[in-house]
Amino acid sequence: MDCSFPEGDPAAVCGKRQQFGSRFLSDPARVFHHNAWDNVEWSEEQAAEAERKVQENSTQRVCQEKQADYEINANKYWNNFYKIHENGFFKDRHWLFTEFPELAPSQNHLKNLLSENKRSEVYEYYRSGEDGPDLTIEEQHRCSSVSLGDKTQPPLTEESVTQKLHHLEICANEFPGSSATYRILEVGCGVGNTVFPILQTNNDPSLFVYCCDFSSTAVELVQTNSAYDPSRCFAFVHDLCDEDKSYPMPENSLDVIILIFVLSAIVPDKMQNAINRLSRLLKPGGIMLLRDYGRYDMAQLRFKKGQCLSENFYVRGDGTRVYFFTQDELDTLFTTAGLEKVQNLVDRRLQVNRGKQLTMYRVWIQCKYRKPLGSSTG
């Protein structure tokens with residue numbers, strides 16, 4: 001159905017969902033009047049040009065020796081990233097409560113959480129940040145991992161964290177957050193730009209948040225943050241791809257699992273096993289939330305020859321990696337893990353640099369998949 005909307009109208013018509021925003025570009029002459037436009041459809045010419053650019057930048061692949069290095073030393077590249085940027089790279093993701101109201105279960109009318117001023121901040125947020133050293137992009141996250149201990153302790157090495165987790169007894173009645181009635185796990189938490197807004201928004205003492213990251217440096221930054229409260233949050237180092245590493249909570253114990261620009265950072269052939277394991281952690285009725293890069297996003301089109309690892313999988317200049325998904329690929333990953341689709345949508349956004357008169361087309365995919373009631377395995 002062909003729908004056009006005046007700028008600023010609600011996106012209730014034609015089945016458009018409001019969470020992705022309601023600023024629509026009906027007059028191309030006004031493109032530089034705002035920093036971003038929502039639900040922007042591509043022309044056939046744009047789609048063909050995007051496909052051509054991807055074919056072009058995929059012709060020259062990274063050699064196998066370097067590919068092995070990026071995989072074996074993936075934690076080193078992410079640790080270097082956080083040592084350089086610390087907690088100054090990403091902004092706190094307050095927009096998540098509009099997209100994923102499941103993250104604030106005690107609040108009502110979450111769709112109205114953002115005022116117009118807050119929504120302006122969201123648009124500005126999407127324009128900021130670096131996707132590695134080469135691109136101006138919103139998000140950048142990795143294969144998940146982090147560390148144990150409280151903020152009064154000296155920084156923990158990854159080895160000591162792993163050892164503590166190995167000796168932690170995980171049973172039905174005794175584990176971190178066992179007394180909570182609502183449990184959230186963020187995989188790939190970085191320096192806490194999702195975790196801390198969740199804790200600040202939810203004052204319910206029965207809510208507990210786990211967060212993990214592949215980078216011990218990132219987890220250390222979470223644990224030493226003044227907002228980190230070990231009575232409400234448990235941060236730990238974890239490699240999402242390592243099937244021998246256990247989680248600090250039992251199966252069927254989590255209400256929500258969050259994957260924000262994380263799954264795209266791991267090797268494609270390891271994604272399914274990672275989702276399978278996470279699915280087993282969900283309670284029956286629990287939900288997995290994902291937001292990640294979509295096929296032909298601006299970031300993919302800007303990669304140069306020699307940065308392609310495999311089809312739609314690239315390495316950035318800093319050694320971190322990124323994959324660009326289709327909706328069908330993500331649907332297959334989640335349904336194969338035994339989850340049921342609640343939402344699988346493409347967010348097409350036109351970002352504008354008014355100073356340089358540049359337009360940048362972003363493509364993100366947002367998913368919600370639920371574990372069926374009555375299911376006790378992933």
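A Cβ is built for glycine as well, from the same backbone N, Cα and C atoms used for every other residue.
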Item checked: Residue among Asp204, Asp213, Asp229 sharing the S-adenosyl-L-methionine site, where Swiss-Prot lists Trp78, Tyr82, Gly188, Asp239, Leu240, Ile260 as binders -> Asp213
Notebook entry, point to check: So which of the binding-site residues is most packed in, judged by how many other Cβ atoms lie within 10 Å of its Cβ, out of Asp213, Asp239?
Noted result: Asp213
Check: Helix, strand or coil: which one is Asp239 (S-adenosyl-L-methionine binding site) in, per DSSP?
Finding: coil
Notebook entry, point to check: Once the chains shown are all counted, how many other Cβ atoms turn up within 10 Å of the Cβ of Leu240 (S-adenosyl-L-methionine binding site)?
Noted result: 27
Check: Helix, strand or coil: which one is Tyr82 (S-adenosyl-L-methionine binding site) in, per DSSP?
Finding: helix
